[in-house]
Amino acid sequence: MVDVNRFKSMQITLASPSKVRSWSYGEVKKPETINYRTLKPEREGLFDEVIFGPTKDWECACGKYKRIRYKGIVCDRCGVEVTRAKVRRERMGHIELKAPVSHIWYFKGIPSRMGLTLDMSPRALEEVIYFAAYVVIDPKDTPLEPKSLLTEREYREKLQEYGHGSFVAKMGAEAIQDLLKRVDLAAEIAELKEELKSASGQKRIKAVRRLDVLDAFNKSGNKPEWMVLNILPVIPPDLRPMVQLDGGRFAASDLNDLYRRVINRNNRLARLLELNAPGIIVQNEKRMLQEAVDALIDNGRRGRPITGPGSRPLKSLSHMLKGKQGRFRQNLLGKRVDFSGRSVIAVGPTLKMYQCGVPREMAIELFKPFVMREIVAKEYAGNVKAAKRMVERGDERIWDILEEVIKEHPVLLNRAPTLHRLGIQAFEPVLIDGKALRLHPLVCEAYNADFDGDQMAIHVPLSEEAQAEARLLMLAAEHILNPKDGKPVVTPSQDMVLGNYYLTMEDAGREGEGMIFKDKDEAVMAYRNGYAHLHSRVGIAVDSMPNKPWKDSQRHKIMVTTVGKILFNDIMPEDLPYLQEPNNANLTEGTPDKYFLEPGQDIQEVIDRLDINVPFKKKNLGNIIAETFKRFRTTETSAFLDRLKDLGYYHSTLAGLTVGIADIPVIDNKAEIIDAAHHRVEEINKAFRRGLMTDDDRYVAVTTTWREAKEALEKRLIETQDPKNPIVMMMDSGARGNISNFSQLAGMRGLMAAPNGRIMELPILSNFREGLSVLEMFFSTHGARKGMTDTALKTADSGYLTRRLVDVAQDVIIREDDCGTDRGLLIRAITDGKEVTETLEERLQGRYTRKSVKHPETGEVLIGADQLITEDMARKIVDAGVEEVTIRSVFTCATRHGVCRHCYGINLATGDAVEVGEAVGTIAAQSIGEPGTQLTMRTFHTGGVASNTDITQGLPRIQEIFEARNPKGEAVITEVKGNVVEIEEDASTRTKKVYVQGKTGMGEYVVPFTARMKVEVGDEVNRGAALTEGSIQPKRLLEVRDTLSVETYLLAEVQKVYRSQGVEIGDKHVEVMVRQMLRKVRVMDPGDTDLLPGTLMDISDFTDANKDIVISGGIPATSRPVLMGITKASLETNSFLSAASFQETTRVLTDAAIRGKKDHLLGLKENVIIGKIIPAGTGMARYRNIEPQAMNEIEVIDHTEVSAEAVFTAEAE
């Protein structure tokens, strides 16, 4: 076997007959499988041991040679080689076909490769191959056309007319093989190239297609006649096994049935030929053989599929590769692994951030080999077998050993569905009793886990390297930030939020107000003994907290705070300011001066003067965590998070916040509001009956009335709510629920959607406290059911979107430090009409500048070129009034097969500059796909009938953008740059005409009458600007403008959809995806290169081809950029392994084989498929060959020395 980590590329070609013979270990002549009495394989049958190797290790078939010492001997009695039984997975056989047979992939695929090679229609081919017509191979001196078809009758007539032997015509695959042998590739290619110079229309398209196939054969060295088989390989028997079931019956792979039919028909054909049977019988047998081989290769591709028992179609070789259950996706990309287990999860509130609880019996099974090794090392048992028995008996001593073994040995926890990389994290195991895994409550958000019965899987990294990577790169305490937006993903939730909210509340006039304490301990003592309340405002000596960053003016004073806040601040990192107010000013600039007593001032006076602060809510805690991370990085942050969690749980327990029906308030003026609404609706209906409004207007007015009534109730609810009400506290703190839940409990449920999505006019007037009537209950079931079905559909859609995104971007890896490009991207805030969807500050953070940025007024240089823009710098730039900045962007990066560090910027998951080897493509795909389920499914109608455009939003719009489809409600765009001179309406055709005067000429655009205009007369418009509301069709924009403007447009559109749903995603992720959609060009004119016109190729390959020609002084080729949807882009990737494992497996492999494609294994997927370590992260070539050395022996290498990775050309290493 070849070592998988040594080879660098993998090629697929057509197999020549000699190649098939060289693979084969013998011919399979009989259809028999195994003998039903002896259960031994039959000689010369499909499981023959002579051909395929022994069924038992080191043992021949007759038993003369047993044991390993006879290795390599071929038995003289039975002819079987003594070797390992696993050769039955590798050795192939063959069948000598008595008549040539066409390969169905090349004849039936679209486009038919055989048809293109011979310039015959697939229909004609089918008639010849399946013996319905003769084809003229060599007309000799007769006036017959070569390749023309003759029916049986015409053939006989022509024979009589011209005499026997005057021309050659045959039928069946044999005829096709003769024709293919006669194809002169070089001559045909030259002819087609000539034809292309003049041809146009359909003729040109066909010529380009034929040229493509012929050129592929010419360059790859494959011969066209190999598309017809004379010899059929038989795959190894262990890949099509036959196993005995209980009860003596056998279960065999379908392939055995299919092979058996081929062999039967082939043998019968041989006998008929020997007997010189009549032509028609032989023909029929040849046709049946052809059909049998077709079924074996791809059952069901042509005609009715061959069925097994119970009319189930048999699974052919093609089906073994295809689809989710096929070889690629089931066994190569998704293997089951050893050392794993799964169990229900329960909450582990006492765990540290980096720990998880593992049940004892699970741990002993997972760590069995480690425990056994220790048992032997400690000499509790003499050998491994005895140690194993000890573990299985459950000896008392194994538990102490287990404790030792798992110390510092991280395990991985995974929850399905793994939507982003935070779905697998590493923890240190802690042994617990019970049978459920214990999970730290703060990592739940990353996993999207809850404890209502979720299950999780646990995996053990075995090797030292795997453990090191798990500990350093995957430990849960390291994953504070979410890779999609760089915001903390471990924010406290529910009880923890509630506890800290209650703790930081302030209240006037509670016991102990105005007391002054010398330090924290005294304050806590007073609180514990009932002298001071948590919420009462008290004084504390500032000097008792010397490590806090006080201003000089604040030292040696007394500060007014609450006992709760003293406890709250006690867990904060030392260098953070003392937090009094839940706002960013206090967090970043320090405690406000108004809380400090001047010498001799009365504390009660100050307390009375101060406003009562609102408590700290979930959002404020999130900000504190983000600030902590920014200042102190992961270790301190995770320790702080644990303290926050413990404090929150402790105080939410102490507070004893409960919910009863009496906690839901009654709104005093509900009846008045509802009566007023009824009255208004009555008036609207009256007006409608009088004909003063249309039915649509009435519907809109009625629904608006009820919506306003609901809002009025909500407003009243907020005005009258008691801040100490537990439900209000839960809602206000962000622990659970929101105002809409609250208003359904206390206000009214309001309008409901009918099953067709239209909103019903009858609202639900009751709330849950009063209870719903039967009719109201019935109405509300529509909405509930729609919610459930929508969610289910959305999950599947979103999952498929993620899969396509991952596939198209999986080979984008950070390959080098700096690509040295001189291009950049000009960015400004993204706006949607008047609203800003993404501010400039957000877009600048963590990117490198392309040019220096100057202050617009003073002209001072704020930041130089090629510098990293930090959060503070971004704020400084925006505050200076700069509106647009040119940055380094993924769009303009010049790195091949990836991106460079400077064009990418910081890694959002760590907040530091991205490292070479980071798989940014996969991260981008996950970041866009993971929030997919939060997007809505609906296609909105804009407020009734105002416009005729349906605006697609949510998930369908994202799919529309990434698949580069023509959008619904397309906008009209201008092709000329200039001014709008007039807009005239034409009532007869119900259209408007827009005239744009450019420098070169006048552009005239017809838009529908109802379309909303975006421009007015006198407006200046650029090329590609939208004249009407709606989405621009990106392919059209690409024709009118350039690649960069299309990329910018797509980026802005994706961001609009996500931001409108309140989901933040870093620009760079969208940039990576959009760049992949635009990485191909189509060759228009080949110039002096040997490219073919109409070929799709990578931009980098195209530039290379041109570079050589320009250097030698020739004419370079010209090309056009092509925008491809992500599905198409994945299938057009350079790696055939990646494309085949994605979709349309047979088509991809057919095409790759004809071209003799080489897969250079640059992406992640290809390497996973062949079982090689992936070329990202620590698997990159530059990191693979580093030998570990002791720190003092060598100077630490400067990181820039390691950063410039050459993108290697792939051949044998």
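Cβ atoms here come from the backbone N, Cα and C positions, even for glycine.
Its Cβ placed at the centre, CYS60 (Zn(2+) 1 binding site) has 24 other Cβ atoms within 10 Å. Feature annotation from Swiss-Prot assigns Zn(2+) 1 binding site to CYS60, CYS62, CYS75, CYS78.
Sequence annotations record features per position, and here Swiss-Prot assigns Mg(2+) binding site to ASP450, ASP452, ASP454 based on sequence analysis. Neighbour density for ASP450 (Mg(2+) binding site): within 10 A of its CB lie 11 other CB atoms from the protein chains shown.
Feature annotation from Swiss-Prot assigns Zn(2+) 2 binding site to CYS819, CYS893, CYS900, CYS903; the stated evidence is sequence analysis. Sequence-distant contacts of CYS819 (Zn(2+) 2 binding site), defined by Cβ-Cβ distance under 8 angstroms and a gap of at least six in the same chain, are CYS893, ALA894, THR895, VAL899, CYS900, HIS902, CYS903.
Note on proximity: among CYS60, CYS62, CYS75, CYS78, the binding-site residues of the record, the Cα nearest ASP454 (Mg(2+) binding site) is that of CYS60. Excluding CYS60, CYS62, CYS75, CYS78, which define the Zn(2+) 1 site, the same chain contributes ALA61, GLY63, LYS64, TYR65, ASP76, ARG77, GLY79, VAL80 within 8 Å (Cβ to the Cβ centroid), listed in sequence order.
Of CYS60, CYS62, CYS75, CYS78, all annotated as binding-site residues, the residue with the shortest Cα distance to ASP450 (Mg(2+) binding site) is CYS60.
What surrounds the Zn(2+) 2 site, by Cβ distance within 8 Å of the Cβ centroid and not counting CYS819, CYS893, CYS900, CYS903, is the set GLU816, ASP818, THR821, ARG888, VAL890, THR892, ALA894, THR895, VAL899, ARG901, HIS902, TYR904 from the same chain. Annotation note: CYS62 (Zn(2+) 1 binding site) sits in a coil segment as assigned by DSSP. On the backbone, the CA of CYS75 (Zn(2+) 1 binding site) and the CA of ASP452 (Mg(2+) binding site) stand 63 Å apart. Taking every protein chain shown into account, CYS62, CYS75, CYS893, CYS900, CYS903 are the binding-site residues, and of these the Cβ with the most other Cβ atoms within 10 Å belongs to CYS903. The binding-site residues ASP452, ASP454 differ in how many other CB atoms lie within 10 Å of their CB, and the one with the most is ASP454. CYS903 (Zn(2+) 2 binding site) falls within a helical segment according to DSSP.
According to DSSP, ASP450 (Mg(2+) binding site) is assigned to coil rather than to any helix or strand. Counting every protein chain shown, 16 other Cβ atoms lie within 10 Å of the Cβ of CYS78 (Zn(2+) 1 binding site). With respect to ASP452 (Mg(2+) binding site), the closest of these binding-site residues in Cα terms is CYS60, chosen from CYS60, CYS62, CYS78.
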